[in-house]
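Student: Right, I'll just put the structure down here and ask away after.
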Amino acid sequence: MKFKKVIARFDADNIDLAEEVICHIFFSFNLKGVICEVPIPEPDEGFGTRTLKIPDQNSIIGYLPDTDDSDIMISKIRARLAGLSDMAVQVDVLSETVDEKDWAHAWKAYFNVTRITDKIIVKPEWKDYTPGPGEVIIRIDPGMAFGTGTHPTTCMCLALLEEHVRPGKTLLDVGCGSGILMIGAAKLGAGAMTGIDVDPVAVDITRQNLEKNGIALDRVTLGAVTLDKTPEIQYDLICTNIIAQVIVSIMPDIAARLAPDGTAILSGIIEERLPDIYAALDMQHLECVKKITREEWVALVVCRKK
Ligand SMILES: C[S@@+](CC[C@H](N)C(=O)[O-])C[C@H]1O[C@@H](n2cnc3c(N)ncnc32)[C@H](O)[C@@H]1O
């Protein structure tokens, strides 16, 4: 199958905010395999060969199936992105036709064995790593789904899961992507788990990655649905790593599924969006009890107000 590769090259005063807004527009047009390329080197954690290439400009890249309508769709994307000039974001949109096989694996060069915490290591399926004593190894092949563990928002979720998962605790992962957070939680001792994602490809990839990590699927429920379409079961832990705008919109559904003494881990938030998140928490009688940051990203630990 052929795809249209859509590249939004951009410049802005606030690169993180521009990245978030452009990604959101890409997702709203249902572009798949969205990746962000900004000229910031990932730290070399000392594992294996460093293969990360540093791009020379900021780009968001996504893919559309190549159909009769795809050029019209790209014109609409271009028009939406042109509207960002009001926010001092300059975007130049390019597109090219590619084969699925050309891009489905292209990102793999960017993905190395990554230490997330003293305990948690994320390992690409195709790289070797000999675990040290007590280390939790998450084996991942994200395919076309988000979640290699190299993104600050995923790292923070995993670190917070390590603090909050206790044996047998139930977990809901909203926007499971590659399944990386569910695998981490399961290996840290979580009990029954539910993972949902609006992208059915992500749900398939999550299932495959859970199996590759030897996690029994009989304690896992997966669905390509939005949270409001799931039963109001209460969970000990809820994690979600999605942009702030989505988290705000699903906050009532998160609150309805959080056990009375439960903990929610919210990530994917940039500093500028925190006031919106705090307002949404307040409306649901939830409060932030811990905030951590990496680069411009924030992750919150949230509980019910006492
Ligand atoms: C940033 S990725 C996070 C993936 C993984 N959980 C991680 O932490 O690396 C966000 C995921 O949320 C999904 N998503 C976006 N909006 C959603 C929504 N309203 N409900 C459920 N999933 C959503 C996307 O398809 C994507 O797979």
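Cβ coordinates come from backbone N, Cα and C, glycine included.
Residues or ranges marked as S-adenosyl-L-methionine binding site in TrEMBL: T154, G175, D197, N241.
Give me the structural setting of these features: burial, nearby parts and distances.
Tutor: Cβ neighbour count for T154 (S-adenosyl-L-methionine binding site): 26 (other Cβ atoms within 10 Å of its Cβ, all protein chains included).
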Student: Would you mind listing, in sequence order, the residues at least six apart from G175 (S-adenosyl-L-methionine binding site) in the same chain with a Cβ closer than 8 Å to its Cβ?
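Tutor: Expected: I196, D197, V198, T240, N241, I242, V246.
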